[in-house]
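Below you'll find the structure, written out as structure tokens, and then a few comments.
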Amino acid sequence: MVPQALLLVPLLGFSLCFGKFPIYTIPTKLGPWSPIDIHHLSCPNNLVVEDEGCTNLSGFSYMELKVGRISAIKVNGFTCTGVVTEAETYTNFVGYVTTTFKRKHFRPMPGCMYSRVQLEDGRSPQIEESLHNPYPDYHWLRTVRTTKESLIIISPSVTDLDPYDKSLHSRVFPGRKCSGITVSSTYCSTNHDYTVWMPEILRLGTSCDIFTNSRGKRASKGSKTCGFVDERGLYKSLKGACKLKLCGVPGLRLMDGTWVAMQTSNETKWCPPGQLVNLHDLHSDEIEHLVVEELVKKREECLDALESITTTKSVSFRRLSHLRKLVPGFGKAYTIFNKTLMEAEAHYKSVRTWNEIIPSKGCLRVGGGCHPHVNGVFFNGIILGPDGHVLIPEMQSSLLQQHIELLESSVIPLMHPLADPFTVFKDGDEIEDFVEVHLPDVHEQVSGVDLGLPNWGEYVLLSAGTLIALMLIIFLITCCKRVDRPESTQRSLRGTGRNVSVTSQSGKFIPSRESYKSGGETGL
């Protein structure tokens, strides 16, 4: 099974360096031809490890994507909305209480939300009494404001994670996208000013369950790592690889579109923006098995042809075509010139269409120009037909090409996920079933003495009170003066009573009562 796999992946991997799957390999450079004996013929070694000179194989661990198609990476979270319910009461002179209820919003703090979620983790989600109006208190001639701050948490709220830039996608975000959760920013803004979205687990990498650990063999030459043989025995070359992070995990995107995370000392550049990785589903794996079977068949055909050559001691152009190297890289090229078996060093490249190597009638393009033929013979079984057309034996079989085209059409890139509008709440679901309300202590604020009047009323009342007070003062002053006036008259009469005398009608002098008393007393 290992040789089969080693045939498949170099062919696919190195062909993808050119962006497409190959149908043929053609030398770009041909060394000088030299005659050889028939026993020097051999089937090509399609192990790319030897081509790169990396013959040192050592076991190591690496991380790769899981087998199977990944449609979307779901991240569970919740939305949190801050609601302030306020009750305002006023009690007038006679004790009549007027109550006004108000509801406002506030932007919740992420730290408070996580603490509340942890406290209420074991409880069933429901709408609690805190959504109702708070029980108001009252004081005579005062305004009392009683407020309740509630955190309304709606869970679950599912979003899609983009593995390339760790951005989140959902219809609850502005523009349906959140730039991602970082150390400094643990939440995402939503379309509501007072509602934020937060993941259940801050580390988004734990939600990205698309990796698996594997064991393989590292192919190296000194300190340089050329590639590795994966857990299934497939060789992966690091030539042309670039660095790419998936879900925040650094790794390498290989030229065949696969992604691996492994330690290497090679200097590798970052992938350009928008670079994607390929995933294969089970259908693609089945097609790969078809390609493997076809390549194994070609390997067996090469061995059969070589056995036939050594047994019969005869060589034909058709048999030489089986000795062609199937993957890009260094190898051998064979031909027959003037009944002499010839060999040359060659470096092969992949070919996508026949027009690349046969641009016109009678022209076989090698190294940018038409390769000369010797009496109608080129190399690797390629000859010039009687009508002047170039004939390639592999052009007669299209089965491998059909399999490769199927495989190419089945390559699935891991695209940026699109938020499904039905992932948050499906039709018929009741949001109340997912609501948790977390209520801190009730806040109560008592104002000073308040008469319950508007500003102009307070001024009128103050003016009237001042006028009444002034009138009351004037009244009191007036009353006090009236009380003091009789007392002053009596005092003046008492002070002059000893000097008063009365003259009777007879002309006699009648002294005052005091004089009369004193005189009478003395007379007696």
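Placed from the backbone N, Cα and C atoms, the Cβ positions cover glycine too.
Of the cysteines C208, C226, C271, only one is given by Swiss-Prot as the disulfide partner of C242: C271. The disulfide entry in Swiss-Prot for C208 points, among C178, C188, C226, C247, to C247. Per Swiss-Prot, the residue annotated N-linked glycosylation site among N338, N499 is N338. Between the alpha carbons (Cα) of N266 (N-linked glycosylation site) and N56 (N-linked glycosylation site) lies a span of roughly 16 Å. Straight-line distance linking the Cα atoms of N338 (N-linked glycosylation site) and N56 (N-linked glycosylation site), rounded to a whole number, equals 42 Å. In this structure the C-alpha atoms belonging to N56 (N-linked glycosylation site) and C480 (S-palmitoyl cysteine) are separated by 124 Å. Predicted-model confidence for the topological domain 'Virion surface' (20-459) is 76, expressed as mean pLDDT.
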